[in-house]
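*Asks:* Below: one structure in structure tokens.
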Amino acid sequence: MATSGAASAELVIGWCIFGLLLLAILAFCWIYVRKYQSRRESEVVSTITAIFSLAIALITSALLPVDIFLVSYMKNQNGTFKDWANANVSRQIEDTVLYGYYTLYSVILFCVFFWIPFVYFYYEEKDDDDTSKCTQIKTALKYTLGFVVICALLLLVGAFVPLNVPNNKNSTEWEKVKSLFEELGSSHGLAALSFSISSLTLIGMLAAITYTAYGMSALPLNLIKGTRSAAYERLENTEDIEEVEQHIQTIKSKSKDGRPLPARDKRALKQFEERLRTLKKRERHLEFIENSWWTKFCGALRPLKIVWGIFFILVALLFVISLFLSNLDKALHSAGIDSGFIIFGANLSNPLNMLLPLLQTVFPLDYILITIIIMYFIFTSMAGIRNIGIWFFWIRLYKIRRGRTRPQALLFLCMILLLIVLHTSYMIYSLAPQYVMYGSQNYLIETNITSDNHKGNSTLSVPKRCDADAPEDQCTVTRTYLFLHKFWFFSAAYYFGNWAFLGVFLIGLIVSCCKGKKSVIEGVDEDSDISDDEPSVYSA
């Protein structure tokens, strides 16, 4: 009875923390979506869909520290299991986490392959005023059916794809791999779900390489460099207006005597008049920003922004160094591409892999660090998306602007962030493989010692950090790790993706260093949906 009560207490602690994270996530998603959605084109359904899909992704990531916490707290620091942690209780705890993953991953599949596409196509059809609601729903369902078919194919392939590994590899290593995956289960339903989620994670990896890697270098450098002075930009703009007005006056003077203008002059006049309208619109925006209290407040916070920029670039360098050492470890010590570069433990230590187990001894510091890492990925991804925009090959589909993002763009944004957040679980594993696999678990090993006072040798049990050499019944592997490595070919793709991530980060760092300061109205003159009577994207 006492054993059951202690186990329940441990579960309550873990899930209470998860509940607090859940509330924080919902609040963050609401603020985040409301900040970027268009004030003029705000739609209730698209807003709720965006908030819900982003929240589901973040909640799934929040399961990672819960998973690690539960497997770690089943054991004492001396390597022994706690009194309540017998085989049945341990299995019950592991199944609880597994069912949590089942539920959340199923909801993610529903969002990605049905709900988000349906809402997106519904609003695409809504732009046509002549279309009835019934027709809009039918058309949206017709297009969504294609996504449902893709999901069904992924589930079928995942359920029956062979997982046989090459026979020319070390048999001991593969026995260990097989025994680990047997813990996760061998049902076709689980394999289908794992394959589908891994496919989405692979797309998330491509999004992370495109947006997160660039944003990780662009965000801190933009904070450090700041923006150009509104007063100086306004002075330059005034000079440009005077110059364009002189050109217009010169061209118009040619027709004072009643002679018609040549075709070339007409084209030039039209271009100058269009340029003048743009410059006057910029003048209004710059005047508003120069006189706003928000600009003065941001100017007072300039030193703080520089400090944050330096902090973010140091964090980025910490991540890059940890990721490089982890990938180098796999390149040197894993079984190769046919095994998905799976490696047990860490032969080359990296800063984060050493830091996280230490923080876990002081609850809940590791939760805080994992949350910071996930939020850092979110903010840098958003910075990358804002700088690059949403593209389909060479065609720019949408721009993300504060207070001016259309419902369709908002759905695209949350879809990309959902996929990136899915990939963060593997990124965290890449940064701290030992922590994600075993947490802070220890196990006991027998060591022979020789004593001068007593003849012969004696045996002493000493704790050791859990690794691949530990007996199967002494260390519990997290469910997260098993989900991530169910299919070796995805692990191989993630490995090469990490190298691409490092390369894009370095390229982005060079590009961001070479770029000058941004305009205070960056992107305003590009936005076709800005009316002349609206002062600025920063007016909110």
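Cβ coordinates come from backbone N, Cα and C, glycine included.
Dumping what Swiss-Prot says about this protein:
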{"type": "CARBOHYD", "residues": "N78", "note": "N-linked glycosylation site"}
{"type": "CARBOHYD", "residues": "N88", "note": "N-linked glycosylation site"}
{"type": "CARBOHYD", "residues": "N170", "note": "N-linked glycosylation site"}
{"type": "CARBOHYD", "residues": "N347", "note": "N-linked glycosylation site"}
{"type": "CARBOHYD", "residues": "N448", "note": "N-linked glycosylation site"}
{"type": "CARBOHYD", "residues": "N457", "note": "N-linked glycosylation site"}
{"type": "MOD_RES", "residues": "T238", "note": "phosphothreonine"}
{"type": "MOD_RES", "residues": "S528", "note": "phosphoserine"}
{"type": "MOD_RES", "residues": "S531", "note": "phosphoserine"}
{"type": "MOTIF", "residues": "232-235", "note": "motif 'YERL motif'"}
{"type": "MOTIF", "residues": "294-297", "note": "motif 'WTKF motif'"}
{"type": "TOPO_DOM", "residues": "1-10", "note": "topological domain 'Extracellular'"}
{"type": "TOPO_DOM", "residues": "32-50", "note": "topological domain 'Cytoplasmic'"}
{"type": "TOPO_DOM", "residues": "72-100", "note": "topological domain 'Extracellular'"}
{"type": "TOPO_DOM", "residues": "122-144", "note": "topological domain 'Cytoplasmic'"}
{"type": "TOPO_DOM", "residues": "166-188", "note": "topological domain 'Extracellular'"}
{"type": "TOPO_DOM", "residues": "210-305", "note": "topological domain 'Cytoplasmic'"}
{"type": "TOPO_DOM", "residues": "327-364", "note": "topological domain 'Extracellular'"}
{"type": "TOPO_DOM", "residues": "386-408", "note": "topological domain 'Cytoplasmic'"}
{"type": "TOPO_DOM", "residues": "430-486", "note": "topological domain 'Extracellular'"}
{"type": "TOPO_DOM", "residues": "508-540", "note": "topological domain 'Cytoplasmic'"}
{"type": "TRANSMEM", "residues": "11-31", "note": "transmembrane segment"}
{"type": "TRANSMEM", "residues": "51-71", "note": "transmembrane segment"}
{"type": "TRANSMEM", "residues": "101-121", "note": "transmembrane segment"}
{"type": "TRANSMEM", "residues": "145-165", "note": "transmembrane segment"}
{"type": "TRANSMEM", "residues": "189-209", "note": "transmembrane segment"}
{"type": "TRANSMEM", "residues": "306-326", "note": "transmembrane segment"}
{"type": "TRANSMEM", "residues": "365-385", "note": "transmembrane segment"}
{"type": "TRANSMEM", "residues": "409-429", "note": "transmembrane segment"}
{"type": "TRANSMEM", "residues": "487-507", "note": "transmembrane segment"}
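Tell me what's around each of these sites.
*Replies:* Its own atom aside, the Cβ of N78 (N-linked glycosylation site) has 10 Cβ atoms within 10 angstroms in the protein chains shown. In the three-state DSSP reading, N78 (N-linked glycosylation site) counts as coil.
Residues near N347 (N-linked glycosylation site) in space but far in sequence (CB under 8 A, at least 6 apart, same chain), listed by position: D329, L332, H333.
DSSP assigns T238 (phosphothreonine) to a helix. Take the CB of T238 (phosphothreonine) and look out to 10 A: across all protein chains shown you find 13 other CB atoms.
Mean pLDDT, taken over the motif 'YERL motif' (232-235), works out to 83 on the 0 to 100 scale.
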*Asks:* Look over the recorded stretches 101-121, 189-209, 306-326, 409-429 and say which has the most C-beta pairs under 8 A to the transmembrane segment (487-507).
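*Replies:* Looking at each of 101-121, 189-209, 306-326, 409-429 in turn, the most contacts to the transmembrane segment (487-507) are made by 189-209.
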*Asks:* With pairs 6 or more apart in sequence, are the transmembrane segment (51-71) and the transmembrane segment (365-385) linked by at least 3 Cβ pairs under 8 Å?
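*Replies:* The answer is yes, given that the two segments have at least 3 Cβ pairs within the 8 Å cut-off.
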*Asks:* Same-chain Cβ contacts of the transmembrane segment (409-429) under 8 Å, 6 or more residues past its ends?
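*Replies:* Residues packing against the transmembrane segment (409-429) from afar: 33, 36-38, 46-47, 49-50, 53-54, 56-58, 60-61, 64, 108, 111-112, 116, 119-120, 123, 197, 200-201, 203-205, 207-208, 211-212, 323, 370, 373-374, 377-378, 381-382, 385, 390, 397-400, 436-437, 480-481, 484, 494.
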*Asks:* What counts of helix, strand and coil residues does DSSP assign across the topological domain 'Cytoplasmic' (210-305)?
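*Replies:* For the topological domain 'Cytoplasmic' (210-305), the helix, strand and coil counts are 81 helix, 1 strand, 14 coil.
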*Asks:* I'd like the per-state residue tally for the topological domain 'Extracellular' (72-100) from DSSP, helix first, then strand, then coil.
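*Replies:* Its residues fall into 15 helix, 2 strand, 12 coil.
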